[in-house]
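The structure appears below as structure tokens.
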Number of protein chains: 4
Amino acid sequence: MRLLLVGDIVGSPGRKALCEYLPRIKRAKRPDLIVVNGENAADGRGITRAIAGEFFGMGVDGITLGNHTWDKREIFDFIDDEPRIVRPANYPEGTPGQGYTHLRFSRGELVVISLMGRTFLSSLECPFRTADAILKSLKENVPVLVDFHAETTSEKQALAWYLDGRVSAVIGTHTHVQTADERILPGGTAYLTDVGMVGPYDGILGMDKDLIVKRFLTQLPVRFEVATGKVQLNAVLLDLDPATGMASDIRRIRIDDDHPWFD
Amino acid sequence: MRLLLVGDIVGSPGRKALCEYLPRIKRAKRPDLIVVNGENAADGRGITRAIAGEFFGMGVDGITLGNHTWDKREIFDFIDDEPRIVRPANYPEGTPGQGYTHLRFSRGELVVISLMGRTFLSSLECPFRTADAILKSLKENVPVLVDFHAETTSEKQALAWYLDGRVSAVIGTHTHVQTADERILPGGTAYLTDVGMVGPYDGILGMDKDLIVKRFLTQLPVRFEVATGKVQLNAVLLDLDPATGMASDIRRIRIDDDHPWFD
Amino acid sequence: MRLLLVGDIVGSPGRKALCEYLPRIKRAKRPDLIVVNGENAADGRGITRAIAGEFFGMGVDGITLGNHTWDKREIFDFIDDEPRIVRPANYPEGTPGQGYTHLRFSRGELVVISLMGRTFLSSLECPFRTADAILKSLKENVPVLVDFHAETTSEKQALAWYLDGRVSAVIGTHTHVQTADERILPGGTAYLTDVGMVGPYDGILGMDKDLIVKRFLTQLPVRFEVATGKVQLNAVLLDLDPATGMASDIRRIRIDDDHPWFD
Amino acid sequence: MRLLLVGDIVGSPGRKALCEYLPRIKRAKRPDLIVVNGENAADGRGITRAIAGEFFGMGVDGITLGNHTWDKREIFDFIDDEPRIVRPANYPEGTPGQGYTHLRFSRGELVVISLMGRTFLSSLECPFRTADAILKSLKENVPVLVDFHAETTSEKQALAWYLDGRVSAVIGTHTHVQTADERILPGGTAYLTDVGMVGPYDGILGMDKDLIVKRFLTQLPVRFEVATGKVQLNAVLLDLDPATGMASDIRRIRIDDDHPWFD
Ligand SMILES: [Fe+2]
Ligand SMILES: [Fe+2]
Ligand SMILES: [Fe+2]
Ligand SMILES: [Fe+2]
Ligand SMILES: [Fe+2]
Ligand SMILES: [Fe+2]
Ligand SMILES: [Fe+2]
Ligand SMILES: [Fe+2]
């Protein structure tokens, strides 16, 4: 089975880029399931019901989130009713929404788990133990994709090694920059430190670069805005063995002005 | 002119990997100048005079450092006498060592500047203004390589955009994971968020993975050790226009078990 | 000469408490000059021109700020025109407003310097060196009050020892909790780690306690609001020798339901 | 019943100060139980079996710890065998040692719980929920002292309000500076943001001030050492109603050169 994971989609430029490129990627690569990280989809902060619907309308099967999950207040109105959206599973008990979900397609199913790192982020439950608990509840050999939304490379690599052989893939999100370290760990788990983002190519993490540079220079509060102009799309393609759930291939996708997509 | 920048070299596995692959890269790519980040060269923490000598003996022209600069106390004994080693330039006035240096080769010269980010790191001087001050003191059009040792992708991208058109390249170090976002910015500055590391392939940032996983799981203090086994080498190759100092090409180098090097 | 420094005034409860108690403190203690920290005066975040005017109308001579300086955008419209307001002096060059000011009264003058710590706060210039530079520009023996707005006790104590004998007093703000460690250091500088706040007594740092507890419990974003109900006022009284500028006495003032003020 | 809690004891100066003043405090105040925070007792970092024995020999009934719990490696050899020592209860399951303990005296008992904050500290379990779980396991109305070892005033106040009416007292440690905000909350829980330290009076948090100032100035790694010279002792005295476990009185004790102790 083939799985496409698309990184943090930033604002309307990100949604437009997805709309433009997803059909072409689908035609060329024929993924069985498509998962996107939607934490920045609405103006760079959070997601709305309408935008989630937009994604599902494009053929997206599941949406993961991250530290920006709650930025649009309407999330509290719909997250409990939408089983295809997952927020980090290591938020404390009682948090709205769900931390993992089962996605089904004609020939099988996939469990998608969202987890968030704690280093330089929120004081959540231990992501390692949360993963253990979820995996324990699943039936054996089901393919499992972990979107690990974390800041540091050390926490990301640590979770990947910890879960090696127990999940199909650990793919990082959050830094908005694709890393070049895709590999299959010895136990069969595909790993990529960060899948990168979808949205403006000439911004800083998708946001207007002048505003962010200004903030670094002045240390004054600056209201960030999504950048405009050219776009980029970063994603990763995973081939999983449906019998064992383990990965047989991992390939990065990078589309931008310097790396145009050819059908 | 062609420049090779090799990422954070971790411990003796990193030094051995450099020793093995550098001659082959030199033969194949013929860089005019070679710069390595040496902040983790001695047991993963700091650098010694002997190890610096080892690097120079292999044909390395310059060594950059980072937050681990001072981990081996003997650094204070030799950093002031070695003009080919640079520590972050935005340490406060009075700090031993130098923040930038001129490297010369048959057909020209290169200025190497080391800077360190402040987000989640030390409270140093502003790296943006420090860069301004150094650049102001340089003669026009001299090629300049900035090694920006920083944690977050936002601070790294911000400095790159800030210096675009004013330096040859801004290349990140510190996360030990190579990013896939190499590009030449509109003003002619080559950029890569992180060049990655040299050292153990099956560790976490080059350190023993079991120890680091244990620390995340237990939150107890754990003494990290350099990992053993297979190695990786991550580097970046830059082609600069000697007339303008601007970049004409940037290519990542990734060597590991999954990506063997073929001469 | 006698100086009264009043801690972070939080919202309208803080302003009302000041309005109620300041006349009584003035009658009883007869300070020559009154300085208040106003960074939380407007709804807990920032300060407006009208509120600053309110303070001056009550007899306040100078207003210090902190990390919340810029929270109300209108600050940019008036901070440059109001010499009695100081924001942290170690914001980078070019920042609106001023970092220190001269306050005058019938029998003398006082320099008030605002500085901000960097540990767990913004990446500002070095507060130690900024203090050095300001002091160098002042005439000898002028009394100097430093409001050091910082998070950690170590950074606060370090600056106090660093400036001991060179300024009249280093008084901390920002934690909103008065500390009990008032003393005069060997060189003659009065020191208090934190002067505490003015505002709600049954909140958390002056904000509604249920909201803040909720944030700790859920790790969800919560919009804080100023608490209501009973109030507290925390301040410190300093006696300075006008000839040397050094401190001869430091006394804390704590007024709340459990410690009522008796004229 | 009367309880004495003594703050973080720093190194041999702290132990000597305790040895000198504890008998005098006992004579004057006649506490039923004495608890000390021992996380800095050995050279400023951690505690040894011998030092714990020293404390018990002086009449100390229980020892709490904090983020420095594990700094001396021998702690792992004895913490499981010593029921009178508690480390933060919100370390993850499987951590050596215990998070709370029952101390008994002639006329009753006291439960001592150690908890650690997460803001700017380690990624531990939620201290609020950990407290809930421990309290649920205790019999009703037993007096409970919580030592909350935390950095920020907001997290400390939040836990106190959260536990108000359910424990006898929430007393903060870790900042090494005594706060002046002692009070009894409406539900009957005594609260003090920080009890302060025991050890050198002219250091920074008990450590040599020149070394710490140097670290702030240079941002270089500096090996801290316990300061020498004059000492201070900070503690808090609590009167609890043995029937309800609630607090009837809380009084701070501050002993130093400026506040000598008179029997
Ligand atoms: Fe994101
Ligand atoms: Fe994120
Ligand atoms: Fe490194
Ligand atoms: Fe580093
Ligand atoms: Fe404040
Ligand atoms: Fe503040
Ligand atoms: Fe301590
Ligand atoms: Fe501590």
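Cβ coordinates come from backbone N, Cα and C, glycine included.
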**Request:** For the Fe cation 1 site, TrEMBL lists D:ASP8, D:GLU39, D:ASN40; sort out which one of D:HIS102, D:HIS176 goes with them.
**Result:** D:HIS176
**Asked** D:GLU39, D:HIS149, D:HIS174 bind Fe cation 2 according to TrEMBL; which of D:ASN67, D:ASN141 goes with them?
**Response** D:ASN67
**Cβ within 8 Å of the mean position of the Cβ atoms of D:GLU39, D:ASN67, D:HIS149, D:HIS174: remaining residues of the chain near Fe cation 2** = D:ASP8, D:ASN37, D:LEU65, D:GLY66, D:HIS68, D:THR69, D:PRO88, D:MET116, D:LEU121, D:ALA150, D:THR173
**Message:** Beyond the listed site residues D:ASP8, D:GLU39, D:ASN40, D:HIS176, identify every same-chain residue whose Cβ lies within 8 Å of the center of their Cβ atoms for the Fe cation 1 site.
**Reply:** D:GLY7, D:ILE9, D:VAL10, D:ASN37, D:ALA41, D:GLY44, D:GLY66, D:HIS68, D:THR173, D:HIS174, D:MET197, D:LEU205, D:GLY206
**Request:** Determine the minimum-neighbour residue: among D:HIS68, D:HIS149, D:HIS174, D:HIS176, listed as recorded positions, which Cβ has the fewest other Cβ atoms within 10 angstroms?
**Result:** D:HIS68
**Fill in**
Under a three-state DSSP reduction, the secondary structure at D:ASP8 (Fe cation 1 binding site) is strand
**Item:** Filtered D:ASP8, D:ASN67, D:HIS149, D:HIS174, D:HIS176 - binding-site residues with C-beta under 8 A from chain C
**Value:** D:HIS176
**Message:** Which binding-site residues from the set D:ASN40, D:ASN67, D:HIS174, D:HIS176 have a C-beta atom lying less than 6 Å away from ligand 8?
**Reply:** D:ASN67, D:HIS174
**Prompt:** How many Å separate the Cα atoms of D:HIS68 (active site, proton donor) and D:HIS174 (Fe cation 2 binding site)?
**Reply:** 10
**Request:** Within 10 Å of the Cβ of D:ASP8 (Fe cation 1 binding site), how many other Cβ atoms can you find? Include all protein chains, please.
**Result:** 30
**Item:** Position of peak Cβ density within 10 Å, selected from the binding-site residues D:ASN40, D:ASN67
**Value:** D:ASN40
**Request:** In three-state terms from DSSP, label D:HIS68 (active site, proton donor) for me.
**Result:** coil
